[in-house]
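For reference, the structure discussed in these notes is given below.
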């Protein structure tokens, strides 16, 4: 054998290309798609398969973003480009944890990223929250946005006053949808049945209630401005709530300063004389501060909500870290509709995945799941349910970077026996599960757009998964 030459078999082994990394992403919302996008962009050989429990993709972009915010949904175009990549595949109608387990996915793929979001909501933990007329913001948003699990919600809108607990953007979205003129909503992709229910709604007053003060609200200026400018609705803010705040925000970060100034300006504004709109402006909304819900009060028959008892609070500390401490005083607010918008919550997916129930996240470091090499997480299940789409984008790129580093650094078992979807396909078939492809989704998409066109809307969402599957011949 020539000196310095390896034997032929060994030479062939040394020069054989490493297997293309097979990466699996669980969840097809922004976290899932941005994770996939980053891996595909920065690794020329990786194959990424995205699994989704619903037949249809895009998660909260489809089911969370308000119908009257179509510009926010434009990210769907980017996600569609990713799905069209030759190295990306979409498998809808597959529930991970039931149809296929996380250990089975880890056997089939070199890396598994959990990006399944927050499919539950925080509970108030107070008496009466299960009365009729009390709904989570998550379910209410799901209802008007066509999320299949909420399609039969049938919220009772027969009362005049609604109370929303929470001062975030979701709370403002709900207030805006409840008070928007129908002609504005008719041009959106709001579902047909929720539009019909809103057409019969008697709600004309919406209070948004928070435990802390004006300096701690979580909503952003764009959403507040939209609410202030809503046709036919008047803002009712108490100037006393804002006393001395102009000085307090002098040195605050600019977004907080501008937001507070807009609230102060609105509180101090005299009602404008609008003779033309006088008839229309029969609706109103307002912000109430430093009130913590203690109990949802029942009607005499004990079945429905008739109001909420609030503990008045004082603030300890300042800024974002201020805490609301009950003063001992209480007040009652009458309302027939209570919407709890105090946050979403992630749930554990599979017993094989560590989960911090206290914080509602998968314990991780830069997206690497603690103690489970080759398993990662991104989005809300990684950091908690906060932030907007851009926050999730950066967070997902961070996780994707960890995956790329581990692929590069030889940390992962790159065994060629991991066959990706080929291995999963036989598991799904044995369990009677038929995945939905991205081109199947495009058929559903085309049907929704066609139905919408007939009604002068961008789309009419199909809300029944069985109907989606019938449409594609499943």
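Yeah, the Cβs are placed from backbone N, Cα and C, and that goes for glycine too.
Taken from TrEMBL, the feature domain 'FAD/NAD(P)-binding' covers 22-178.
For 31, 52, 60, 96, 380, 387, 388, 389, the entry in TrEMBL reads FAD binding site. Same-chain residues at least 6 positions away in sequence with a Cβ under 8 Å from that of residue 380 (FAD binding site) are, in sequence order, 31, 117, 118, 344, 346, 386, 392.
Sequence annotations record features per position, and here TrEMBL assigns NADP(+) binding site to 167, 168, 169, 170, 211, 212, 223, 387.
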Closest of 52, 96, 388, 389 to residue 169 (NADP(+) binding site), Cα positions, binding-site residues only: 388
Nonlocal residues around residue 212 (NADP(+) binding site), in sequence order (Cβ under 8 Å, 6 or more apart): 167, 289, 290, 313, 315, 322, 324
Whole-number Å value for how far residue 211 (NADP(+) binding site) lies from residue 60 (FAD binding site) (Cα to Cα): 26
Those binding-site residues listed as 96, 388, 389, and which of them has the most Cβ atoms within 10 Å of its own Cβ: 96
Binding-site residues compared (168, 387) - the one with the fewest other Cβ atoms within 10 Å: 387
